[in-house]
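> Got a structure for you, written out below as structure tokens; questions coming shortly.
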Amino acid sequence: RCLLKMVKENIVVPEEILSFCCNGFQGSTSPPCSQDPGEREEAAGAMASPSHPRNPTEVQMSQLVLPCHTNHRGELSIGQLLKWIDTAACLSAERHAGCPCVTASMDDIYFEHTISVGQVVNIKAKVNRAFNSSMEVGIQVSYEDLCSGKHYSICKAYATFVAHSSSGTKVKLKPLIPQTEEEKLEHSIAAERRRMRLVHKDTLKDLLTRSPHETELETRDGSVAVPADKTRVESVELVLPPHANHQGNTFGGQIMAWMENVATIAASRLCHAHPTLRAIEMFHFRGPSQVGDRLVLKAIVNNAFKNSMEVGVCAEAYGQEMSVSRRHINSAFMTFVVLDQEGRPRTLPMLAPEQGDGERRYREASARKKIRLDRKYVVSCKQTEVPLSVPWDQSNKVYLSYNNVSALKTLVAKANWALAREKEKVQMYTLEEDKFLSFRIEMSVRIAACQAFSLLSDLRRRHEWDSHYLSAELVQQVDDDDMIYHVVSQTLSSENKLQDFVILASRRKPCGKGDPYVVAFRSVTLPTHPATASFTRGETICSGFCIWPESEETSKVAYYNQATPGYLNYVTTNVAGLSSDFCATFEACEKFLLKNKEDDLIVRLQNL
């Protein structure tokens with residue numbers, strides 16, 4: 001307690017005391033008098049290995065926040081936190097790869113709280129999935145108040161690392177085998193996050209292409225626009241050995257810390273106050289820098305919204321020779337707010353962008369804000385917090401597709417499925433939760449998994465085996481893997497009107513060995529297909545097929561559905577055994593697959 005008090009009051013702690021506190025009572029022949037045998041046993045138990053085996057790639061880091069880590073408000077600098085995050089994630093990646101790794105990218109990071117002097121930052125990092133030469137590392141950051149013992153979540157991040165050999169070539173990674181249910185879920189959804197990263201830039205380009213090219217400046221009463229040029233910052237840093245890893249490359253976290261520093265200065269020049277960093281946009285490292293390089297860091301405010309601003313930062317490297325062209329290392333976009341005394345965001349001054357590139361950056365910042373909101377709303381929310389039907393448009397198509405597939409994979413990965421009924425080859429399982437009743441129907445079929453996937457993913461053919469489906473019209477072919485259908489079906493209630501659905505169907509082939517073929521369904525809304533008086537508009541939260549190959553000619557086909565209230569009575573009737581409709585429908589599905597597998601094979605060969 002005395003040490004914490006000294007730290008909080010910015011009193012210099014003598015090195016002997018720090019060494020004593022860090023090393024404990026090493027060399028002492030007896031324990032401290034204040035610790036009784038019961039306390040010693042409890043401490044020994046706390047330090048013992050956990051009962052369940054820990055993930056071999058898991059790295060835990062705890063850092064006491066000292067005055068040298070903080071800003072003028074006594075809060076932990078986000079730059080320092082980014083350095084710790086990158087270090088922990090890199091150590092985790094290298095544990096799996098067994099060789100040096102470099103940071104390739106970092107997904108969006110949203111900072112929920114600030115951390116004060118004297119508190120402890122706890123970071124846990126572990127590899128979620130290894131691909132060919134890259135791997136995704138999941139990072140959880142929390143802080144601990146030592147006086148109260150309470151823990152608070154700070155952020156959750158996903159970083160991509162690439163393994164390199166001593167010669168600098170990429171290394172083919174061994175696959176990661178998840179052990180716990182949580183690890184299996186993260187392993188499964190990591191493939192979807194990877195897919196989302198790869199199309200991130202295309203999403204922005206598509207939105208800008210469809211947006212007006214004229215820059216419309218926002219107007220605010222009593223506010224004078226600040227020229228963007230007045231927020232421009234340029235700084236240079238010399239990369240020294242303490243800034244580099246054991247390969248001689250600059251730490252990704254160190255580069256991020258320098259970028260955060262110049263971005264904060266740029267934001268301060270707009271608002272003439274001390275801003276708080278709230279989010280960092282997904283970014284990619286384009287190349288390494290080494291010890292001896294000069295890093296030029298440039299920052300400028302791209303756009304100022306009512307309560308937040310986006311700052312663009314660029315990092316370039318060059319050697320001793322100025323004549324050599326600079327290498328682009330990284331670009332990032334950071335969102336800042338200015339908080340009042342009650343912790344609420346203040347209204348910011350308007351920004352007047354420069355002509356040309358400044359106007360382009362201004363428009364791109366607006367587009368990124370929309371994409372960021374879509375991504376945070378659709379991707380980051382829990383399934384129960386997302387409305388049944390989310391409006392679909394070009395800007396959020398990637399995130400809706402991600403949410404569609406990840407929701408089904410989450411449902412598949414849940415434990416506590418209970419066998420409710422079994423009839424011949426068909427098994428029906430249920431999963432009872434607080435807000436949902438889900439069911440799963442599965443059976444083995446003598447058909448190749450790829451053929452079953454091809455036949456079941458086309459909703460236009462579902463009426464051939466599902467008597468409830470009357471028709472399905474392909475409304476929009478989004479891409480090769482995502483389609484939107486307008487489905488008309490029989491109603492399951494006492495009403496005489498037919499039901500209709502607008503459904504996004506997302507298909508995924510296996511990303512690795514052991515992955516299933518996935519066909520996920522969820523409701524969306526389209527302005528071209530509003531609800532009408534002719535039909536009762538139905539909605540589906542989460543449903544779809546997972547198909548696992550059992551052999552070259554046999555597959556396990558499973559259908560999952562998270563029942564909505566209008567569907568609940570029909571589900572419980574089948575679960576209770578008062579109806580065999582589910583089993584009959586799935587048996588019809590088997591006959592459909594067996595009947596059409598040869599025709600499907602011929603079509604697939606013709607397409608090849």
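Positions of Cβ are set from backbone N, Cα and C atoms, glycine also.
Marked as region 'Disordered' by TrEMBL: 32-57. The feature domain 'HotDog ACOT-type' is assigned by TrEMBL to 55-167, 229-342. Taken from TrEMBL, the feature domain 'START' covers 417-587.
Distances, neighbours, how buried they are, the whole picture for these features please.
Over the domain 'HotDog ACOT-type' (229-342), the average per-residue pLDDT in this prediction is 91.
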> With DSSP as the yardstick, break the domain 'HotDog ACOT-type' (229-342) down into helix, strand and coil residue counts.
26 helix, 51 strand, 37 coil
> Under the DSSP assignment, what numbers of helix, strand and coil residues are found in the domain 'HotDog ACOT-type' (55-167)?
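Split into helix, strand and coil, the domain 'HotDog ACOT-type' (55-167) gives 23 helix, 54 strand, 36 coil.
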